[in-house]
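Notes follow once the structure below has been shown.
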C-alpha cells in the first residue's frame, strides 16, 4: 500500500538527494535574496500535515463539501490571527501567492482596461504592478510612476501631478526593490484627490509592518495585499486585508470562485502558525534586528567609493548596490557570489542602462541571515566579504579565502542543524 511508503529517502532516493542537497545549500550558504527567509520547523510541520488531503472549496461555515469542520477551525484561526496581527477588519488567507492576491484585489476594485498607476518595474516595482509581460499589464492600462532622478526616492508631488494627468481608477503602492519607507498616508491623499482606490502591496515589508517597525498601510489603503513568506517568515502564500466589508465580499468572490478552486488548507495552517509566531513580542525584536542588520550592511557599501548605494541608504530589509565600477554587470556579480556561497540576485537600478538579463546592480536583503541569529557584526563582515569577492573576482586564491570565511559564519550560526 502507498501508506507503507512513508520515508522519502527510502522510497524516492533520487528526489531525496535533491532535497538533501538543498538542505545542505541552505545550511552552508549565506542567503541574501530579499524575498527569501527561513521558516520554523513548526511552520514546516503544519504544511506537511494531513490537511493536504482535504478539499474545502468555499469559506469557513459555507463550504461546498462535507467533512470540513476541522479545516474550518484551521482557516478561522489563520483569519483571526491575521486580522489581529495587522489591525484589519477582514482577511482572506486563501490566495495561493502574492500574485494571486494582487489579481484578486484588481478584480475586486476595477474592470479590464481601466487605468492604474503603479510603480515602474525599473524603479523597484513588481511584475504584477503593470509589467507588459504580466497579466496585470495585459489586462489593465497601467501607467508607471518612477523615483526622483536625483534622490532615487519616491517624489509624492510628482506622483500627484502624474495622477492628475492620467486619472487612474486605482493607485498601487508597494515595491519589490525599494529600500525606503513608503508614506502610505500621502498615497491615500493622492488617491482621494483623483477619486481613485488605493491598493498597497506590502509583500516585502509585511513582517516589519506586523512588528510595528515600519508604517502600516492598513489604515490608509482600501485593500492591502501581501505574501506570507519574506519578512513575515511564513510559508509561501498570499494574504489580502481590508477594513471595508463590501470590498471584503468582493475579495472573497474574486479569490473563490473567481481565480481559485479549493484552498490549500495545509498551507493555511502554516500561515496560522506564522501569524502566531509574529504575534509573539519576540518577533518585534527580530524585525528590528532585520532593519539594524540591513542598515549596517548597507553602510559598509556606502563607505566604499567603488560601489554606489542606491538612494544613499535603506529604511527596511533591502538595499540595491550599483556594482559596475568593479565588475561588468549584476549578473556576473550574482554568478561570482554564488561560487563563494553567497546567494543574492542581480537587479535593475533606477534609470537602468543595461538589459534586465544583466543589470547594473545587485539586491541584498537581510531577513534570512537575521533568522539565523546573525547580528550587526556579522552583517558588516558579510558586506566586506562581498566586496572582497567582487573586487578580486579573477583571483581564485582570494575567492577561496572568502568561501572559507563564509563557511565559518554558517557553521557559527546553524540553521536547522542545531
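Heads up, the Cβ atoms here are built off N, Cα and C, so glycines get one too.
Remember, predicted model here, so these are calculated numbers, not experimental data.
What Swiss-Prot says about this protein:
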type	residues	note
BINDING	121, 125, 126, 127, 355, 356, 357	(6S)-5,6,7,8-tetrahydrofolate binding site
SITE	229	site 'Plays an important role in substrate specificity'
MOD_RES	230	N6-(pyridoxal phosphate)lysine
C-alpha spacing of residue 229 (site 'Plays an important role in substrate specificity') relative to residue 356 ((6S)-5,6,7,8-tetrahydrofolate binding site), in angstrom: 25
Packing count at residue 355 ((6S)-5,6,7,8-tetrahydrofolate binding site) (other Cβ atoms within 10 Å of its Cβ): 10
Which of 125, 356, all binding-site residues, has a Cβ with the fewest other Cβ atoms inside 10 Å: 356
Neighbour count (Cβ, 10 Å) for residue 230 (N6-(pyridoxal phosphate)lysine): 28
Distance [Cα-Cα, Å, rounded] between residue 121 ((6S)-5,6,7,8-tetrahydrofolate binding site) and residue 230 (N6-(pyridoxal phosphate)lysine): 19
Integer Å distance between the CA atoms belonging to residue 230 (N6-(pyridoxal phosphate)lysine) and residue 126 ((6S)-5,6,7,8-tetrahydrofolate binding site): 14
Inter-residue Cα distance where the pair is residue 125 ((6S)-5,6,7,8-tetrahydrofolate binding site) and residue 230 (N6-(pyridoxal phosphate)lysine), in Å: 16
Other C-beta atoms that fall within 10 angstroms of the C-beta of residue 357 ((6S)-5,6,7,8-tetrahydrofolate binding site): 9
Between residue 355 ((6S)-5,6,7,8-tetrahydrofolate binding site) and residue 229 (site 'Plays an important role in substrate specificity'), the C-alpha gap once rounded to whole angstrom: 29
